[in-house]
Every structure is written in structure tokens, then in C-alpha cells.
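*Asks:* I'd like to ask some things about the structure below.
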Amino acid sequence: MRGREDANARVLGSQWGDEGKGKLVDILAREYDVVARCQGGANAGHTIYDDDGKKYALHLVPSGILNENATCVVGNGVVVHLPGMFDEIDALLKAGVDARGRMMVSDRAHLLFDLHKEIDGLREAELSGNKIGTTKRGIGPAYASKATRNGVRLGDIRDADKFANALRTLAADAAARFDGFEYDVEAEIVRYREIASRIEPFIADTVEYVNDAHRNGKKILVEGANATMLDLDFGTYPFVTSSNPAIGGVSNGLGLAPRKFETIIGVAKAYTTRVGAGPYPTELFGDVADKLRELGYEYGTTTGRPRRIGWLDMVALNYANQINGFTHLNITKLDVLSEMDELKIGVAYELPNGKTTTAFPADIATLENVKVVYETLPGWKTDIANVRSWDDMPENAKKYILRCEELSGVECRYIGVGPGRDAMVIKP
């Protein structure tokens with residue numbers, strides 16, 4: 001199937017991640033010349049399927065890699081664990097997908113080392129009962145190294161002595177900070193000397209590349225990682241990721257001006273999920289949560305952890321739209337709701353002081369104590385996994401989508417009804 005996009009586009013998560021961004025990017029990628037990642041790292045898990053139904057779980061490689069005509073770009077805003085990236089590249093090659101010559105990584109991108117993963121675990125242990133619930137992929141510590149200006153960039157790997165000294169400094173800083181820190185820095189230096197020659201063909205000035213592509217009329221698709229409600233500035237801080245998955249991270253992470261994008265697609269599940277700790281107003285428990293978790297197979301691509309489950313939260317979705325300015329939405333996993341007798345949408349919050357609001361609070365304590373005001377809609381009790389057109393959609397399923405449009409003020413252009421590439425209804 002093909003999408004309806006004819007302009008440079010950004011695909012962004014509007015909830016807490018795992019919305020299904022990778023599938024839409026995979027579908028749209030066939031219409032684009034460049035598919036780019038702009039932030040995050042291997043904490044992002046994007047699952048896509050080819051036309052034969054073969055499954056690919058990607059973490060660093062952009063989801064557009066299955067489009068043989070697209071160049072995939074890993075931008076400067078991404079933190080890159082090179083061994084993990086090559087594991088993905090090798091797995092793709094074994095499956096018949098060759099990334100060589102079609103993928104480039106920014107020379108400005110910061111490297112994530114195993115020491116960052118070690119620090120991540122030690123930091124979580126320190127927090128004890130106040131754990132963030134990270135993926136322990138080292139993302140936060142890698143961005144911390146970048147922010148404190150002692151990080152190592154991919155381009156540094158070209159100078160063996162400079163690279164080795166920078167890594168030794170990182171290790172010494174970590175050893176001084178954490179009593180239990182154990183890391184063989186010299187072995188890591190040797191390991192990366194071997195990696196250096198292999199990564200060299202992938203290293204590029206991606207800022208120049210994407211801007212040159214734009215000047216030459218090539219279409220660019222940006223694949224966001226994580227999601228707005230995990231954004232370092234706009235998410236449920238401190239229960240957030242360490243980058244900016246919201247709109248600002250695109251320009252910062254690629255070096256491409258905001259005005260060069262016309263389309264901003266927000267991806268949202270027809271219900272919600274969250275992995276890790278943090279406030280989650282519409283969270284469900286008991287039989288309904290268990291049923292949705294099993295029907296939607298809600299287990300993390302990166303961690304395998306069971307995801308928390310909740311009803312669609314329109315307060316959060318409208319907040320994400322306010323920040324990102326979505327031109328349209330992709331509502332995913334609508335098929336998962338097919339067995340439900342009735343559905344609920346959170347439309348407002350009752351605050352602890354008794355007032356009702358449709359604004360998303362910044363204060364975590366407030367968020368943890370709101371009462372959600374729900375609107376109830378009838379279910380459709382019909383399997384929609386094989387529906388491929390809007391006209392064939394059950395009336396109550398249409399009503400659910402149309403109500404989402406009314407409450408958000410944004411067109412729901414793409415409607416996911418299953419995991420496969422073709423399981424997407426494009427609303428006329």
C-alpha cells in the first residue's frame with residue numbers, strides 16, 4: 001500500500017512510545033528519498049514487517065531500510081552504540097537486506113559505550129524506590145556525557161589516540177563517581193580500533209547531506225523515536241527519556257530547518273500504553289488491562305517488559321498536538337479494541353482541588369492524583385483485521401475515529417488495523 005504524502009514529513013509519537021511509528025514510516029518510506037532518525041538511541045524499538053510478513057525489530061537502524069531506493073540517515077542527535085548497530089546491520093544482511101551504501105551515520109553523533117550501560121544500572125540502583133524505570137541501555141548517561149562536554153563523537157574514532165584518551169577520561173570520571181563501577185577501558189579501546197575500519201564507510205556529514213538533498217528536491221521523512229510524553233522538557237519529568245522526541249528534536253537532531261517540513265504526523269494508539277514508572281492517568285488494572293495487553297501483545301520491543309495499559313487520554317493527546325502542531329494523525333491498533341463491549345476516552349481531568357481541566361499538568365504529584373473524566377462509546381464487536389477501506393469499517397469503529405477527530409481537531413488519516421504492512425486504512 002502507499003500513503004498520501006507529497007511533502008517532507010515528520011512522524012512523531014504522541015503518547016509514551018510504542019505507538020507504531022515504525023510501521024507508518026515503513027509504509028511511507030517507499031515514497032521518500034531519505035529516511036532519517038534524529039534523536040534517541042537503542043532504547044527505541046520499532047517493529048516492521050515486509051510484504052512477506054517477515055518481522056524486523058530495529059533499534060538504531062531507521063525503519064526505512066526496507067525501501068531499497070531510500071538513503072537512511074542516523075542524525076547527530078542520536079546516541080549510537082556501534083556494536084549494537086552492527087548487530088542489526090548483520091541481522092538485516094542475513095535476511096537479505098543490505099544497509100551498506102544506503103545508510104549513513106552523522107560524524108557529530110555521540111557514541112554510547114558499555115560504560116554508559118553500566119552507569120545506567122548503578123544510577124537506577126542508587127535511586128532505589130524512586131527508580132525511573134529506564135531500559136538500562138545507557139541512553140541517559142550517554143546524553144549526560146554529551147551535555148557535560150566530555151562525550152565522544154563518531155568522528156573522533158578516526159583519530160585513534162584522541163579517541164582512546166577521551167574514552168579513558170570517561171572511564172576515570174565514572175570510576176570516581178561510582179564505587180561499584182567495573183569497566184575494562186583498555187579492552188574497549190582495542191574493540192573500537194577493530195570497529196573503526198568497519199564504521200568508516202558509514203560516517204558522513206549528514207547535516208550537509210540532508211540539506212543538499214532538500215535543495216535538490218528530494219523528499220525527506222523523519223522517524224521520531226520515543227514520544228512526546230517522554231520528552232525531556234515536555235514529558236512527565238523526571239519519568240522521561242533524555243532527548244527531545246517532540247518537534248524541537250527534529251531540527252536539533254538533523255540540522256534541518258523547521259520550515260523545510262510541511263507535514264507532521266502524530267502517531268497514537270487507539271488506547272494507551274506505558275513502559276516504566278511515572279504518572280499515567282488513564283491506567284487500567286485487572287481483567288480489562290490483561291485482556292488488552294494480550295490482544296495487543298503489549299510487551300516492550302527493547303525490554304520485553306509487560307506494558308502498562310490505559311484508555312485513550314485525549315488530554316495528553318491534545319497537549320502533544322499543542323506542542324507539535326500535527327497536520328494529521330495515525331491511530332494504530334484499532335483492531336485490538338474489537339472485542340470490547342464499550343470503550344472510554346479520557347476527555348478531562350478533575351484536579352485534587354475539585355476543579356476540572358483539559359490542560360495537562362506539569363506537576364507530577366498533581367498528575368498522580370487526578371480523576372479522569374471519561375466519555376463512553378459503544379464497541380463494535382467485529383473483527384476488523386481484514387478491513388482495508390473506510391467504507392468497510394463498522395459504524396461504531398467509524399464513530400470512535402470521528403470522535404477522536406472532533407476532540408483533537410486533527411484529521412485521523414491513517415488507521416492501523418493489524419501488524420502487517422497492508423493492515424492500514426487510509427481515510428478519504
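Every residue gets a Cβ built from N, Cα and C, even glycine.
According to Swiss-Prot:
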BINDING   17-23, 45-47, Arg307, 333-335, 416-418  GTP binding site
ACT_SITE  Asp18  active site, proton acceptor
BINDING   Asp18, Glu19, Gly20, Lys21, Asn43, Ala44, Gly45, His46, Thr135, Arg149, Asn226, Thr241, Arg305  IMP binding site
BINDING   Asp18, Gly45  Mg(2+) binding site
ACT_SITE  His46  active site, proton donor
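Where in this structure would I find these features, and how exposed are they?
*Replies:* Cβ-based neighbour count (10 Å, all protein chains) for Gly45 (IMP binding site) stands at 20.
Neighbour density for Asp18 (active site, proton acceptor): within 10 A of its CB lie 29 other CB atoms from the protein chains shown.
Residue environment of Arg305 (IMP binding site) contains 13 other Cβ atoms, counted within 10 Å of its Cβ in all protein chains.
DSSP assigns Asp18 (active site, proton acceptor) to coil in the three-state reduction, outside any helix or strand.
His46 (active site, proton donor) falls within a strand when secondary structure is assigned with DSSP.
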*Asks:* Filter the binding-site residues Gly20, Arg305, Leu334, Val417 down to those whose C-alpha lies within 10 angstroms of the C-alpha of His46 (active site, proton donor); answer none if the list is empty.
*Replies:* Gly20
*Asks:* Where the distance is taken from Cα to Cα, which of the binding-site residues Gly17, Gly20, Lys23, Val417 turns out closest to Asn43 (IMP binding site)?
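*Replies:* Minimum Cα distance from Asn43 (IMP binding site) across Gly17, Gly20, Lys23, Val417 lands on Gly17.
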*Asks:* Select the most exposed residue of Asn43, Thr47, where exposure means the fewest other Cβ atoms within 10 Å, treating these as the binding-site residues.
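*Replies:* Relative to the other binding-site residues in Asn43, Thr47, Thr47 has the fewest Cβ atoms within 10 Å.
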*Asks:* Since the record lists His46, Asn226 as recorded positions, which of them has the fewest other Cβ atoms within 10 Å of its Cβ?
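*Replies:* Comparing Cβ neighbour counts within 10 Å for the recorded positions His46, Asn226 gives His46.
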*Asks:* Only counting partners 6 or more residues apart, tell me which same-chain residues put their Cβ under 8 Å from the Cβ of Lys23 (GTP binding site).
*Replies:* Thr47, Ile48, Tyr49, Ser63, Thr332, Gly416, Pro419, Arg421, Met424
